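Here is the structure we will look at.
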Amino acid sequence: MAQIASCCFLNKTTEDSPQENGVHTNQYSSISPPASPVAEDNPFSTYFEEKVHIPETDSQAFSFRKLWAFTGPGFLMSIAYLDPGNIESDLQSGAKAGFKLLWVLLVSTIIGLLLQRLAARLGVVTGMHLAEICNRQYPTVPRIILWLMVELAIIGSDMQEVIGCAIALNLLSVGRIPLWAGVLITITDTFVFLFLDKYGLRKLEAFFGFLITVMALSFGYEYVLVKPDQGELLKGMFVPYCAGCGPVQLEQAVGVVGAVIMPHNIYLHSALVKSREVDRKNKKEIKEANKYFFIESSIALFISFLINVFVVAVFAQAFYNKSNMEVNAECNVTGIPHTDLFPLNNDTLEVDIYKGGVVLGCFFGPAALYIWAIGILAAGQSSTMTGTYSGQFVMEGFLNLRWSRFARVLLTRSIAITPTLLVAIFQDVQHLTGMNDFLNVLQSMQLPFALIPILTFTSLTSIMNDFANGLVWKISGGIVILVVCAINMYFVVVYVTSLNSVLLYVFAALLSIAYLCFVGYLAWHCLIALGVSCLDFGGRVRNQPAVFIEEQSEYDS
């Protein structure tokens, strides 16, 4: 089974495979990782120039000093669970379903943790991130398609994050800073903050920690102010049931899953773990790094989960089943502007991150509005920075770029920011919900292009050696990925059917055929990697020997 897994994704027969020093080569290679960060001859990197030293300790079981040394990548990764898209999903969940979908948020976060575990292990064991391994393992055409799909996911996420910052600045300035100006400000300060790592990697990680603390304090303040019903909160979190829920709540539950599990975050985390000094020839050090990174990721995602719960609980307690007329009347009493956002009808209140701030101001005073805006600004700023790193890692890995760092940052920012700026210029800040739904659908469609490759490569002994997924992880990972992808495809279908356009239906059908063919291609190779040998038709895969890539020969020499 391992032999089958270690030699899939092949294009040629053994007879015509090229030889180097008497060794046959093919597309699907085994990987010899660099011995240690010190020994690597690799001056080029999109990541930080320094690596964090791991202290030696006497403790064999657990060391807080070592945990502190490994702390950082998991918290940067967890920011994707706190971006403006997630915050908007949280507040809509509370407003539409009350506390009833908190268990969906909990399950989604746990699934996210398991997937991040696979990403971190890949980076620790191989010394390469997911985009680099995809570049070395997939043939040219699938590799380019995969890169384009991941770039689309990054652009979609980035648009939500940058616009989230712009909305926060608009709220804080009482409308004086228009959306397009907020986008330009966000672009500028993102460039500035991205070069903080020149002053030290730990300082940059501390800055991200500060932004997470701002979010916790901001949304925690709203939580204390609103005083949610703790009994209902715990019931919603631990009872997997949604009494009286209909299509609206079902769609929202699907949206929660799609908002939490983001494709580019898998690529990001596999790269972030490379920032620690780990001797990858030493099995004990690899095992230790995997352990501490998992603990750190668990703590980081627990904190992000609590922050998400704060947001859901605030809107569940204060605004569940509220009508537009009730909100309009309250805003008129308190004198908060923007009462025109809430028409004089009895329709159920619909909120986004902009309306959410206004509603909080109407019911709980201006301080609640401004503190909400500060939390959104911290969420948008931090996720925009990590999104930029994701873009750099993906572009460097898939395209094997060797540009200067500034040129790479400029290119990746331009690709993501240009459509955002166009939207900001031609869209009003009050009418962005439809676009946000489209961006959520776009990211949902890209999920298979991160989840299938990460399961494929972490299951191959030719890549992971003794750290390859065992049978339980292969089966459970496959089921989880299948369920997550199915849920998100349902979300896409619901969105497309709501468009009410025959032309769009035809276009979506044609696009779906091409999309499903490519997903099927990736899934086929994944199943072979998982050991389903019957799919290895005619033994094409089995007959191919392994190859060592250029970097391997350098590492092994």
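Quick reminder: no glycine exception, Cβ is built from N, Cα and C everywhere.
The annotation compositional bias 'Polar residues' is assigned in TrEMBL to 19-33.
According to TrEMBL, the feature region 'Disordered' maps to 16-36.
Sequence annotations record features per position, and here TrEMBL assigns transmembrane segment to 102-124 (among others). Proximity of distant same-chain residues to the transmembrane segment (102-124), defined by a Cβ-Cβ separation under 8 Å and at least 6 residues beyond the stretch ends, is recorded for 73-74, 77, 81, 90, 93, 130, 133, 233, 236-241, 253, 256-257, 260-261, 265-267, 269-274, 278, 280, 286, 289-290, 293-294, 297-298, 301, 304-305, 308-309, 312-313, 451, 454-455, 457-458, 463-464, 467, 469, 476-477, 480, 484.
Residues or ranges marked as transmembrane segment in TrEMBL: 177-196 (among others).
Distant neighbours of the transmembrane segment (208-226): 75-76, 78-79, 82, 303-304, 306-307, 310-311, 313-314, 317-318, 360, 364, 368, 371-372, 374-375, 378-379, 381-382, 385-386; these residues of the same chain sit at least 6 beyond its ends, with a Cβ under 8 Å from one of its Cβ atoms. Under the heading transmembrane segment, TrEMBL lists 208-226 (among others).
The annotation transmembrane segment is assigned in TrEMBL to 253-272 (among others). Within the chain carrying the transmembrane segment (253-272), a Cβ under 8 angstroms from the stretch's Cβ atoms is held by residues 47, 72-74, 76-77, 80-81, 85-86, 88-90, 92-93, 97, 101, 104-105, 108-109, 111-112, 115-116, 118-120, 122-123, 129-131, 150, 153-154, 157, 242, 297, 386-387, 389-390, 393-394, 397, 440, 443-444, 446-447, 449-451, 454, 484, 487-488, 490-491, 494, all 6 or more beyond its ends.
Per TrEMBL, the feature transmembrane segment maps to 293-320 (among others).
The transmembrane segment annotation in TrEMBL covers 358-379 (among others).
The transmembrane segment annotation in TrEMBL covers 410-427 (among others).
Residues 2, 5-7, 28-31, 115, 118-119, 121-122, 125-126, 130, 133-134, 137, 146, 149-150, 153, 258, 261, 263-267, 270, 473-474, 477-478, 481, 484-485, 488, 519, 522-523, 525-526, 529-530, 546 of the same chain, all 6+ positions outside the transmembrane segment (447-464), place their C-beta atoms under 8 angstroms from a C-beta of that stretch. The feature transmembrane segment is assigned by TrEMBL to 447-464 (among others).
According to TrEMBL, the transmembrane segment annotation covers 471-496 (among others).
Feature annotation from TrEMBL assigns transmembrane segment to 502-524 (among others). Long-range contacts of the transmembrane segment (502-524) within the same chain: residues 142, 145-146, 445, 448-449, 452-453, 456, 485, 496, 535, each at least 6 residues beyond the stretch ends and with a Cβ under 8 Å from a Cβ of the stretch.
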- Highest-contact recorded stretch vs the transmembrane segment (177-196), from 293-320, 358-379, 410-427, CB pairs under 8 Å: 410-427
- Item | Spatial neighbours of the transmembrane segment (293-320) far in sequence, C-beta under 8 Å, 6+ residues away | 67, 70-75, 77-79, 81-82, 86-87, 90-99, 101-102, 105-106, 109, 112-113, 116-117, 120, 124, 212, 215-216, 219-220, 222-223, 226-229, 232-233, 236-237, 269, 273, 327, 349, 351, 356, 359-360, 363-364
